[in-house]
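Chemist: I am attaching a structure below and will ask some questions about it afterwards.
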Amino acid sequence: MVLMIVSGRSGSGKSVALRALEDMGFYCVDNLPVVLLPELANTLADRDISAAVSIDVRNMPESPEVFEEALTKLPASFSPQLLFLDAERNTLIRRYSDTRRLHPLSSKNLSLESAIDQESDLLEPLRSRADLIIDTSEMSVHELAEMLRTRLLGKRERELTMVFESFGFKHGIPIDADYVFDVRFLPNPHWDPKLRPMTGLDRPVAAFLDRHTEVHNFIYQTRSYLELWLPMLETNNRSYLTVAIGCTGGKHRSVYVAEQLADYFRSRGKNVQSRHRTLEKRK
């Protein structure tokens, strides 16, 4: 397992790096004091999960020896790696001017330029020990995240997770949906007394919907639409694509259609999840 320690000058992109590492499956902690690194690693050791911790100038140890001592106390199962982010002085000044945020050392009555210079001196022990130094001066947020994925995972694109979720319009549209499809026009099993207590996961309901050509046409055209744009979505620096399928109550039609779409894209080797909001509420 890896313990990725992320440091660097303020404004160089530590928060962006931490979010990218979280997307890669790292357990992330922001601004953890150095002396607590062994405690965090021991807590995660049994969970078999890599971790990433950001350290900024505010929680730097008083001496490099404190940092080295903390690393020696890590469990043997963890391999520490130090990532240091930096940027040109003028770039950092511009970024602070654009965001209008205060530098962490500004409370010491220093000008922005002086705070940046002092921070550089304070962080030098970490910079000199870094396994990887990235200059973000000419990088966008997305380019930094992409570089980290390339360096750490050996591939450029993160794997997109497709989420197909069913819902009932009477309960409201999911706020996390990227696409919303309305299937209330499809034949409704609700009007069959035998099917009413069932859900779209049950075979009799699936057989009822499977008999209707319009159901097949909708599923085919929806999956074709998603397939058309999926390559661009996969390169758009996103982790999830959430497709919401809604019917009146979220019990029959939307559940069946969401499952059919999920099965199709799963069979194509995509990373797929399915969930059913109305059914989850009934548990």
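Just so you know, glycine gets a Cβ as well, placed from its N, Cα and C.
Checked Swiss-Prot, it gives:
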type    : residues                                             : note
BINDING : Gly8, Arg9, Ser10, Gly11, Ser12, Gly13, Lys14, Ser15 : ATP binding site
BINDING : Asp56, Val57, Arg58, Asn59                           : GTP binding site
REGION  : 266-283                                              : region 'RNA-binding'
Chemist: Could you say which of the binding-site residues Ser12, Asn59 has its Cβ with the most other Cβ atoms inside 10 Å?
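Modeler: Output for this query is Ser12.
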Chemist: What residues, ordered by sequence, lie under 8 A Cβ-to-Cβ from Ser15 (ATP binding site) and sit at least six positions away in the same chain?
Modeler: Asp30, Ser54
Chemist: Give the nonlocal contacts of the region 'RNA-binding' (266-283) in its own chain as ranges (CB under 8 Å, at least six residues past its ends).
Modeler: 159-168, 171, 174, 199-201, 249-251, 254-255, 258-259
Chemist: Would you kindly give the Cα-Cα distance separating Asp56 (GTP binding site) and Arg9 (ATP binding site), rounded to the nearest Å?
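Modeler: Here the two Cα atoms are 7 Å apart.
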Chemist: In the region 'RNA-binding' (266-283), how many residues does DSSP put in helix, strand and coil?
Modeler: 8 helix, 6 strand, 4 coil
Chemist: Would you mind checking how many other C-beta atoms are within 10 angstroms of the C-beta on Lys14 (ATP binding site)?
Modeler: 22
Chemist: Can you name every residue in this chain, apart from Asp56, Val57, Arg58, Asn59, with its Cβ inside 8 Å of the center of the Cβ atoms of the recorded GTP site?
Modeler: Asn31, Ile55, Met60, Pro104
Chemist: According to DSSP, collapsed to three classes, what secondary structure does Gly8 (ATP binding site) have?
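Modeler: The residue in question, Gly8 (ATP binding site), is strand (DSSP, three-state).
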Chemist: For each of Arg9, Val57, Arg58, count the other CB atoms within 10 A of its CB; which of these binding-site residues has the top count?
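Modeler: Counting every other Cβ within 10 Å of each candidate, the maximum falls on Arg9.
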Chemist: How many other Cβ atoms are found within 10 Å of the Cβ atom of Gly11 (ATP binding site), counting all protein chains shown?
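Modeler: Result for Gly11 (ATP binding site): 25 other Cβ atoms within 10 Å.
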Chemist: Compute the centroid of the Cβ atoms of Gly8, Arg9, Ser10, Gly11, Ser12, Gly13, Lys14, Ser15, then list the same-chain residues not in that set whose Cβ lies within 8 Å of it, in sequence order, for the ATP site.
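Modeler: Apart from the listed residues, the neighbours are Asp56, Leu85, Ala87, Thr136.
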Chemist: How far is it from Ser12 (ATP binding site) to Val57 (GTP binding site), counting Cα to Cα, in Å?
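Modeler: Rounded to a whole number, the Cα-Cα distance is 13 Å.
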Chemist: Are there any residues in the same chain, six or more apart in sequence, whose C-beta is under 8 angstroms from the C-beta of Asp56 (GTP binding site), and if so which?
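Modeler: Counting only residues 6 or more apart in sequence, the Cβ neighbours of Asp56 (GTP binding site) under 8 Å are Ser7, Ser10, Lys14, Asn31, Pro104.
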Chemist: Could you state the CA-to-CA distance between Val57 (GTP binding site) and Gly13 (ATP binding site) to the nearest Å?
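Modeler: Cα-Cα distance, Val57 (GTP binding site) to Gly13 (ATP binding site): 14 Å.
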